[in-house]
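> A single structure is presented below for examination.
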Amino acid sequence: MSKSGSRLFTSESVTEGHPDKICDAISDSILDALLTQDPRARVAVETLVTTGQVHVAGEVTTTAYADIPKIVRDTVLEIGYDSSAKGFDGNSCGVNVAIGAQSPEIAQGVDHSHEARVDGISDDEIDRQGAGDQGLMFGYATTDTPELMPLPIALAHRLSRRLTEVRKSGVLPYLRPDGKTQVTIEYDGDKAVRLDTVVISTQHAADIDLDNLLTPDLREKVLHSVLTDVNLTDLDTSDVRLLVNPTGKFVLGGPMGDAGLTGRKIIVDTYGGMARHGGGAFSGKDPSKVDRSAAYAMRWVAKNAVAAGLADRIEVQVAYAIGKAAPVGLFVETFGTEKTDPARIQKAITEIFDLRPGAIIRDLDLLRPIYAQTAAYGHFGRTDIDLPWESTDRADKLRSAAGL
């Protein structure tokens, strides 16, 4: 983002009842069930939902057993789809499962890395685990918010969470599970100065008045509630444009309104478009897949770097070759906000963080059933749950290594 001039930046979020998020939740709930019994399970589970049907496919190698149809139904019901009147019913929807085993050719590269097979390195357990795929992953942090996330996505997620809270608690009982939020922030250079526009689109019961009931309720119970909670004293919220269901009624929602797929909300899951994305989705993947574990690690690195005062904004990229333990590349971008030489920051990161896949799994304790809780409302900057990659436990060491 430019250091001077006024501009608008927009990010969106979706609720857990959005069709794509139903799929993410199912995939991650299956993953958690398998990791509970077998922490070394290899899991790649994809889900598709459409009218009256859930299809689960993928590759799993494990000693564990999971009752996948039950997990599917329980997840759908927990989200709130429990009646055909809402467009989907976890009690009666069809569930189709097509799960195979992980390719042995992929497994050999993860279990016995290139370093172990070709270079003869065998005494280091971390060096023996290779990356589960090639790819590039980004992490990002900024001083926009206390949780060091971009403000547009942080607010969009809070609005989506609040939509779900008022629905499930009965505050607004006429709401239904499907919904989306969007936040447009005016920036002056790198500083967020004004909340310009908020869009809230939510599924609802058929018999409600949009202008006289839904819009006032969402303004008071969702938007005002969130703004009061976050207490952004430096942000002008005096003249916010609120757009509620701009197309009109939104009764037909969920899988009946749109088919959903795992991994279709990767920008919602990360930084709302404020940072680059390597393209790999998270949900349904065990941590041997660097699409997931390395993206978490890079958020950990970026957040610690900003918390250490090395820069006000930082984006870090790591890249892997399938089967190799050591990353093939690391890149650091500070957008001119660095407090010391960027080369020194990059050197400090390599000294303090071990970015081999096995080390990431070890240091972030990722062989645990912690993933279903990340399936909606973002994987980063969460203030409602405790996630290991959000820790700033290495900020002091990083600051010292950078010479500050």
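A Cβ is built for glycine as well, from the same backbone N, Cα and C atoms used for every other residue.
The structure displayed is predicted, hence computed values, not measured ones.
If you look up Swiss-Prot, you'll see HIS18, ASP178, GLY179, LYS180, LYS249, PHE250, ASP258, ARG264, LYS265, ALA281, LYS285 marked as ATP binding site, on the strength of sequence analysis. Marked as Mg(2+) binding site by Swiss-Prot on the basis of sequence analysis: ASP20. Residues or ranges marked as K(+) binding site in Swiss-Prot: GLU46. The feature L-methionine binding site is assigned by Swiss-Prot to GLU59, GLN102, ASP258, LYS289, with sequence analysis given as support. Per Swiss-Prot, the feature region 'Flexible loop' maps to 102-112; the stated evidence is sequence analysis.
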> In sequence order, which same-chain residues at least six apart have a C-beta under 8 angstroms from LYS289 (L-methionine binding site)?
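Listed in sequence order, they are ALA44, GLY132, ASP133, GLY280.
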> Which one is it: of the binding-site residues ASP20, GLU59, GLN102, whose Cα lies the shortest distance from the Cα of GLY179 (ATP binding site)?
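If we rank ASP20, GLU59, GLN102 by Cα distance to GLY179 (ATP binding site), first place goes to ASP20.
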> Per the record, ATP is bound by HIS18, ASP178, GLY179, LYS180, LYS249, PHE250, ASP258, ARG264, LYS265, ALA281, LYS285: how many Å separate the farthest pair of Cα atoms?
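Comparing all Cα pairs, the maximum is 36 Å.
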> Just to verify: the residue among HIS18, LYS249, LYS265, LYS285 with the fewest other Cβ atoms within 10 Å, which of the binding-site residues is it?
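Relative to the other binding-site residues in HIS18, LYS249, LYS265, LYS285, LYS249 has the fewest Cβ atoms within 10 Å.
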> Other than its own, how many Cβ atoms are within 10 Å of the Cβ belonging to GLU59 (L-methionine binding site)?
16
> Should any of the binding-site residues ASP20, GLU46, GLU59, GLN102 have a Cα within 10 Å of the Cα of ASP258 (ATP binding site), which are they?
ASP20
> Whole number in angstrom, please: the longest C-alpha to C-alpha distance across GLU59, GLN102, ASP258, LYS289 for L-methionine.
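The span, Cα to Cα at its widest, is 30 Å.
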> Between the binding-site residues ASP20, GLU46, GLN102, which lies closest to LYS285 (ATP binding site), Cα to Cα?
GLU46
> Measuring Cα to Cα, tell me the gap between GLU59 (L-methionine binding site) and HIS18 (ATP binding site) in whole angstrom.
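Rounded to a whole number, the Cα-Cα distance is 25 Å.
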> What does the structure give for the C-alpha distance between HIS18 (ATP binding site) and the residue listed as 'K(+) binding site'? Integer Å is fine.
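Approximately 16 Å lies between the Cα of HIS18 (ATP binding site) and that of the residue listed as 'K(+) binding site'.
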> Within 10 angstroms of the C-beta of ASP258 (ATP binding site), what count of other C-beta atoms is obtained when all protein chains are considered?
15
> Cα within 10 Å of LYS265 (ATP binding site): which of the binding-site residues ASP20, GLU46, GLN102 qualify?
ASP20
> Return one of helix, strand or coil for GLU46 (K(+) binding site), based on DSSP.
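The three-state answer is strand.
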> Identify, in sequence order, the residues in the chain of GLN102 (L-methionine binding site) that are 6 or more apart from it along the sequence and have a CB within less than 8 Å of its CB; answer 'none' if there are none.
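Correct list: ARG42, ALA44, GLU59, VAL60, THR61.
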